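Below you'll find the structure, written out as structure tokens, and then a few comments.
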């Protein structure tokens, strides 16, 4: 991949944080891209760590339509797990791979506007792009921002944002190419086979059939939103698959292409 000005927005799932080899492989891929002049922005969740921390504090995890319900009393624990532990674990892996990274959250640099998404979800945020100055400065230095999905409202209230939706807002902000990486190779059909390409109508049909549901529904709808906004395909792929990462580094299509 030659030097270019486009930004590759990599969203990584929380399950990655529990796989040291997967993290090392992904960061090596990112390091190779950065060395080639490709700007890389990483956005992460940390669901597994959040679940562990909540359980350790005697609290339970409740999800509604694939989104984590966030009561006010859970917010400090969720913020600590995402903006703290998860972010620093990924930064540590980046440092080990020789990457200069900047750990940040959606609350930094006036990057996004945040509001309550749905009262039923508690302190769950919906974010829209606001000011790209801070992010663009970091990217122009050849550094890699590693952004957690904790946002802040104008009154200082912290909000928990779904990481796929956070990556969507940041991809729009920097005009980047979005790749949603999880622990599955892409969107699978009812028989567990990889679907290579999907458009809005096909997605709606698969949601109706119950083939795409919960977290994957949130992921695919976030991907479709960016695909339509940018007028280009968004990839849903796996960090577990070394061959997908190599193809990704070469700028090739991997996983499922969500078409505008």
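Backbone N, Cα and C define each Cβ position, glycine as well.
Owing to the predicted nature of the structure, the values given are computational and were not obtained by experimental measurement.
Marked as substrate binding site by Swiss-Prot: 46, 47, 68, 160. The site 'Transition state stabilizer' annotation in Swiss-Prot covers 11, 219, and the record cites sequence analysis as its basis.
Feature annotations (Swiss-Prot) mapped to structure.
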residue	record	DSSP class
11	site 'Transition state stabilizer'	strand
46	substrate binding site	coil
68	substrate binding site	strand
160	substrate binding site	strand
219	site 'Transition state stabilizer'	helix
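Minimal Cβ crowding within 10 Å, among the recorded positions 11, 68, is found at 68. Candidate recorded positions: 47, 160, 219. Nearest to residue 11 (site 'Transition state stabilizer') by Cα distance: 219. Each of the binding-site residues 46, 47 was scored by other CB atoms within 10 A of its CB, and the lowest score goes to 47. Largest Cα-to-Cα span within the substrate-binding set 46, 47, 68, 160: 12 Å. Taking only the Cα positions, the spacing between residue 68 (substrate binding site) and residue 219 (site 'Transition state stabilizer') is 13 angstrom. Note: the CA-CA distance between residue 219 (site 'Transition state stabilizer') and residue 47 (substrate binding site) rounds to 14 Å.
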